[in-house]
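The transmembrane segment annotation in TrEMBL covers A:12-35, A:65-84, A:96-117, A:140-159, A:188-211, A:223-247, A:254-277.
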Amino acid sequence: MDLFLQFLANGLVTGTFYALSALGLTLIFGLMRVVNFAHGEFYMLGGVLGWFVTSHLGLDFFSGLIVVAAIMAAFGWLVDRVLIERVRGQGEEPGILLTIGLSIFLANSALLLAGTAPHKIEGPLPNAPVFLGPVVLTEMRIFAVAVCAALILGAHLLIKKTKLGRAMRATFQDPMAAQLAGIKTARVYASTFALGSILAASAGMLLGAIYSTQVTIGGIVSLKAFVVVILGGMGSFGGAIVGGLVLGVAEALWGGYVSTGMVDIVGFIIVILTLIFKPYGLFSARAERV
Amino acid sequence: MKLERNTLLILAVLAVLFPMLVTDQYILHIGIMVLFYAVLASSLNLIVGYVGEFSLGHTAFLGLGAYTAAILATRYGLPMWATIPLAGVISAALGSVIGAITLRLQGPYFVIITLAFAEVLRIIANNWIGVTNGPMGIAGIPQPEILSTTSTLFAKRLYFYIALAIAAVALYLAYRFVYSSTGRAAVTVRENRYVAQSVGIQPFAYAMQAFVLGAFLAGLAGGFYAHYISFVGADVFRFSFMATMIIMVLIGGKGTLLGPLAGALLVTLMEEYLREAQELRMSIFGLIVMLVVLFLPKGLMGFLTLRRERHAGNAELTGNAQRIQPQGGAI
């Protein structure tokens, strides 16, 4: 039983990171309908940039996180305005190909600059163990989960309470009507893309402080984010959070009780079952025919 | 149609002559890889270009074909002429299962579910050590016996002709499919699903046929790959193979028979040429892909057709101005 609780706790911690990185994708994939295969590379860039600003520029973790978020926001904005803008409204294919090209470019350029070795980001807290009853976690993990939760809450408030958030929701409900109402939709799309990039990069930097960050991680991160978004329902905020936690726990339990070698298969089985039996996902933001 | 058929025949003749004129083994190897990718790209094109859905799981069939041929050849000692067709048949069987599940979905859902299937197979191949030998892969896949006594140049030539034979079969089947009533029905579904349904075409049935044929051809290519490289690992399921195939189909122009061939030729040569740039190679490759999407959205064939149509349009305009005569007849 104690072992089960430990697996559960580990799963929930990992699940929080899945949720944060998937929230970025649920905005880009679920609402903007860009099948973004470069999402994992945004996450990777967050980790690598975080490592660079903390260890080479000597910033502390928080100012580093803010700098990384600012850089990635600008980057996401540019990607949308320069690349995605040109293929908007042409179906999935050009977007898929464009983001595959972008991900090949980013991953290999990062490989040239940062090398293949894993880099460790210095966290603000030590990796000292914390005992919660029978469950052991480290201070850094609890801290990172708290930051994740704060970021998720921040993104939620941004979308629900601010003017930009209202413009976003209007645009994704009906772009034409939003345009008629005077919303600059191109700017809204770019902001959404920037927000998605920030969320992915923050997840990358936080996880880099717990484990380490590596330039080759992008592919698998993209795939898991897709799994979570499909499971939770396209464009659903709550769905991404629940989906992330479900995936994290399912993987931890599978790894603990079945086999560690095949942990990654859990997500794909989940996605296949979801699409067969409940293709809208658990909480879809829009009812649509599949 | 006529243009496509004639071009294909001319290309076949050129390909038959190619190994006789070339004695450089490296160039022959590139020729073999072009043919291998041509089969793969053509098979993916059946799904992307004629079903109109974007599959990212085509490596599932390539990999299954490669593993089938490798296991049959190393465990059961079957010769190459048996393993390659069997690889195609097994892949087609898997294709009918995966197709029956995935073709219910459309758009981004289809993209993700096909990708999920390929990843599941990759993870199984990496972990089911009893059958696939896990991460070590299956090495030492036997070559045809006739090669044991001959020179390596002869071996390359033989492989070139085997690849050419597979490519010929693949293109013949694809041609027959595309220009049959089945293929036309599939195109109708692609262009407008609801119109197709209203005239009694069942989208699912035609999509299924294209999907299974695509899986069969990819399996053949996989079987050939296993024998030619003589090693199969879980790498055959990896995403970069998939990315290469997609890039070939879209650069060449999807929904045409010649497009994937042009794409296979261009991309294989480009990858080889970029080897000079060493580490920068893949970064440049990524950039080229983005540029093609932005500036050549319909692929090479689309670009040529557009030019031809514009040319024909201009000619028609001037022709109409000069002489007045009834149109029609020549279609």
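Any Cβ shown, glycine's included, is placed from N, Cα and C.
Source: prediction; values computed, not measured.
If one looks beyond the transmembrane segment (A:96-117) by at least 6 residues along the same chain, the residues whose Cβ comes under 8 Å of a Cβ in the stretch are 34-41, 44-45, 48, 51-52, 79, 83-84, 87, 214-216, 218-219, 222. The stretches the transmembrane segment (A:65-84) and the transmembrane segment (A:188-211) are in mutual contact, each linked to the other by at least three Cβ pairs under 8 Å (pairs 6 or more apart in sequence).
Ranked by number of Cβ pairs under 8 Å to the transmembrane segment (A:12-35), the listed stretches A:140-159, A:188-211, A:223-247, A:254-277 are led by A:223-247. Among the stretches A:140-159, A:223-247, A:254-277, the one making the largest number of Cβ pairs under 8 Å with the transmembrane segment (A:188-211) is A:140-159.
Counting only same-chain residues 6+ beyond the ends of the transmembrane segment (A:140-159), those with a CB under 8 A from a CB of the stretch are 12-13, 16-17, 19-20, 23, 65, 123-127, 130, 165, 168-169, 195, 199, 202-203, 206-207, 209-210, 237, 241.
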